[in-house]
Amino acid sequence: MIISGFQPTIFVTNCLIQMYIKCSNLGYADKVFDKMPLRDTVSWNAMIFGYSMVSDMEKAKLMFDLMPERDVISWNSIISGHLQNGNYQKSIRAFMEMGRDRIAFDRTTFAVVLKACSGLEDSKLGVQVHGVVIKLGLATDVVTGSSMVDMYSKCKRLHESRCFFNEMPEKNWVSWSALIAGCVQNNEFANGLQLFKKMQKEGVGVSQSTYASLFRSCAGLSDLKLGSQLHGHALKTDFGCDVIVATATLDMYAKSNSLSDARKVFNLLPSHNLQSYNALIVGFARGDQGYEAVLLFKRLLKSYLGFDEISLSGAFSACAVFKGHLEGMQLHGVACKTPFCSNVCVANAIMDMYGKCKAPREARRLFDEMEKRDAVSWNAIIAAHEQNGHEDETLTLFFRMLQARMEPDEFTYGSVLKACAARQDLNIGMVIHNRIIKSGMGLECFIGSAVIDMYCKCEKVEEAEKLHERMEEQTIVSWNAIISGFSLRKQSEESQKFFSKMLEEGIKPDNFTYATVLDTCANLATVGLGKQIHAQIIKQELQSDVFITSTLVDMYSKCGNMQDSRLMFEKAPKKDFVTWNAMVCGYAQHGLGDEALQIFEKMQLEDVRPNHATFLAVLRACAHIGLVEKGLQHFNSMSNNYGLDPQLEHYSCMVDILGRAGQISEALKLIQDMPIEADDVIWRTLLSMCKMHGNVEVAEKAAKFLLQLDPEDSSSHILLSNIYADAGMWKEVAEMRKVMRYGGLKKEPGCSWIEIKSVLHMFLVGDKAHPRCKEIYENLDALIYEMKRASHILDDEFLLSCEATEDEHQYLFQECAVSCF
């Protein structure tokens, strides 16, 4: 045109401007506009539209202000420009100015301004616009009506939206899509799907946005079957390759726990957008496939699409899933090079990742550097400290959150109550409970269960039980908390009663319930009930759970049934270090040292890392079968091979091992060389070994330390007295008896019990509380008479040297008899 010297008309020039604008070359359009000798309204409107498209609203507004004459399109362009750039308030103000200039509104004006009301979620303003629409007689217009349906839906007034839709004389696919989307936005997923069925009966075509809403409904309902059917419907209507529909489809599969199908949809797409990557990354992270999510994020980095805050947040959540601290740090470095690092959502995801990767310090550093924090930020940092056992810091952060006038939610209270439970801090726990009650959340399921658990861990099970009864909905978590609470307080019978009550209420137990009740069976040695629960576990197909398997192994071994314990161990599809420990400990507790060591050797071959409890059982096994060298070897391997510092219990076992082998002096030297101070258990173990081998010299040293720790300990005096007696040192024996008598020390009475027909009978020395006490003592007297006749009594010389009275003789006989029960 320029070369030929053609002078275009205004119409041709306007077309030229529009061509450059639509081809994204606003600079050329601007030059053409500047050289126009004459301009009409279309020319000005085109430039306003062009500047709005590139978000340069200052120039768009300047063009608008310079216009000699404005029409409805000019006003619509400037109103729409503000809307597209997220300036809803300016869009509304422009609409009001248009009304003041007495420019007649059209359907496009109302469509745009109603979208602005939706963006602001201002239903009051929307109602006013609705009034103007009715006044101008546009209420029956299908375009304006569809915008009205959309506005009411997005302003959380779905009832008004549905009423307006029902009164529309004419409906198109936009109207139907708007109402279906409204149902989804207001979490009425089933209603949205019902509308779609009705829409199909009306013969209305399906659009891209309709499919997106439908797949969101299926995802919200986790309805994989219906989602798959809709996927087939989309394929039949040639929407299968549409990137927006496909993204909604794979998001539905991901949220319905069908990640393999989500991956297939992703792979079959001819081209990908950022949203499709994001949907799959987030899906993998939520589906515990964190490593796959990180690999997909790396693939996204290599593409031309870039990434956004959703991609980064999903990738950090993925690192948290598989505890990928190194990968998380690398991602943090990537985020720091972008503006997204200051994004609150991304920062929250980073803090959550560090907390779950056992790096609360890094999480705290990031939290302190944040310029802007929301409730999620506080929750993330509080949870990071609670998850890593920093209870004091957890509570400090909670009180800081309150000082910042940030209102806690259920997740905040959940973390803080766990911290109180871990510290067994009932006072602070009750203060927090009072605050929860004042907030009106006291009887909600999640928080109520956390409060119950706190009271149980603080040994206030009765209070927890009362709260449990008042809860609106009693969840399995609250039932488990109370069952576990009774178990922790060694009230195994109460725990089992509450379990029975739970079954009567029709509550289905989970793996934690069964494991806890099995533990109580182990404590009471009630193998019959344990077998019944085992049968229930098999019926519920929970036997593959490693937690339950470990508890079954432990239960059978503590009930003395090592055959079934070993059978459970061998049949376990998965074994963790707890399962192996249970088997090693079971054999060790029953004196089967060789079998315990064999299991330990297999455990090492399977590359299962032992812990302190494992070595305690191994050392006990070595003590039972007198393997001194083997015991020393395992004791030394704790720190040399596994980095485990021996604890008091391990030193006590070594003293037992050396003592049984007669190496009393070596045992004493081991105690003296310990890096930690010896307790009464270790000295008492050494004293017992001294009695076994008659070592009076070391016994006196051990007794001296024992009496320094607890001067009123009668067992130390009695044990030393027996050692003196075995050595024939009757003068020292008499002296010990005098010390005990003048010091008011008495031997703790012996106690034994027996269960007959589910009734527990307990016996104490000299106790006359049993209902059949007279009959018992008649039989006891007969036994004592028989013992005297058979000369099975204590050495008369010992009794005389101790200046024993006839009552003392009787007491000793009774104690002997009780131990025989």
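Cβ coordinates are placed from backbone N, Cα and C, and glycine is handled just like the others.
In TrEMBL this protein carries:
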type	residues	note
REPEAT	40-74	repeat 'PPR'
REPEAT	172-206	repeat 'PPR'
REPEAT	343-373	repeat 'PPR'
REPEAT	374-408	repeat 'PPR'
REPEAT	475-509	repeat 'PPR'
REPEAT	576-610	repeat 'PPR'
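Away from its own ends, the repeat 'PPR' (576-610) comes close to residues 546-547, 549-551, 553-554, 556-558, 560, 562, 565-566, 569, 616-618, 620-625, 627, 630, 642, 644 of its chain (Cβ-Cβ under 8 Å, at least six residues beyond either end).
Beyond the repeat 'PPR' (172-206), the same-chain residues lying 6 or more positions past its ends with a Cβ under 8 Å from any Cβ of the stretch are 142-143, 145-147, 149-150, 152-154, 156, 158, 161-162, 165, 213-214, 216-218, 220-221, 226, 233, 237, 239. Per-residue pLDDT, averaged along the repeat 'PPR' (172-206), amounts to 87 for this model.
The residues of the repeat 'PPR' (475-509), classed with DSSP into helix (H, G, I), strand (E, B) and coil, number 26 helix, 0 strand, 9 coil.
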